[in-house]
């Protein structure tokens, strides 16, 4: 894409004709709220594990994640019905998918309804659906069950993104942006939904990396409505979406590795991931900002909606880009309140971004109109979108 029109760079914050905008946000969570301080004892009791070294390691990890609360689908009722999920080595993929397929649909429908309510228009005005999940596997896919659950028209066009991991929310937003800008009058529902049950396992000395996921990841769903040329009577755009790019790093595909096995998904997260992101994030951001015609902008003159993959990743990004501490506050808050919720997290970050931008406006401080929406996932893949905050 070319540089941003000079008129758009002025002080008047109206959406640019033909540009995709985020018109509403919504979220949903399962009923089980987990306090991080009680997680270790509960997890080891549930899985009947008494290994003191593993318990000490998980205790240390829980203290370093900065997570305070998370929501999870897993419950005593589920384990009572499927006790094999907490036993090492059993073939449980069928049971897991039965639980996950239903759970992600339920959460996606709830988040979408909340989003549509915030949007204020009729559900019949939705023309396209982009559905993202790394927590289910079935034919037909969750996109159809979401459309069915919402009562969408059979004519609704659907796109399905499976197993995109933590970059899925921004990848879905990029796809929704392209749909909205190439189909005048369209309104795209982007829904993301994730649950960790697909990879829930008892602790094992053979899989020490599993404990990182136990300490960090959470469940939930997110939703957005995306469309261009908002109706000034009934729509209030939140963010305008400009340049969007994707980049994968060659020879890093084993850094975030997931395999669907008889025991569910086995994840391996390399310790090198934070360093890999730190080493490559600046060049990626320069490329993104340059394509948008904003190379003159200082990083601290922009907002940063970054997927909260973990505190180490956020700390390294902050250090490498020399960002002021408040720049990643929305990401850190999302991590603290919801954990790393994979593709959903960017919705939660954007909600906090809007909340904090309103506080800045009320305090008569400098507003950051332009910014970046970033996420990192398997590949290692970088996703980035230049956005304009229209709500400040």
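Heads up, the Cβ atoms here are built off N, Cα and C, so glycines get one too.
For the CoA site, Swiss-Prot lists 57, 58, 59, 60, 61, 62, 63, 64, 309, 310, 311, 312; matching the candidates 260, 269, 350, 354 against that entry yields 269.
In this structure, the CA atom of residue 59 (CoA binding site) is 17 Å away from the CA atom of residue 218 (substrate binding site). A gap of 19 Å separates the Cα atoms of residue 57 (CoA binding site) and residue 218 (substrate binding site). The sparsest Cβ neighbourhood within 10 Å, among the listed binding-site residues (57, 63), is found at 63. Those residues noted as binding CoA (57, 58, 59, 60, 61, 62, 63, 64, 269, 309, 310, 311, 312) have their most widely separated CA atoms at a distance of 20 Å.
DSSP assigns residue 269 (CoA binding site) to a strand segment in the three-state reduction. Within the set of recorded positions 166, 218, 219, the entry lying nearest in space to residue 312 (CoA binding site) is 166 (CA atoms). On its own chain, residue 166 (active site, nucleophile) has 256, 307, 309, 340, 342, 343, 345, 375, 376, 377 as residues at least 6 apart in sequence with a Cβ closer than 8 Å to its own Cβ.
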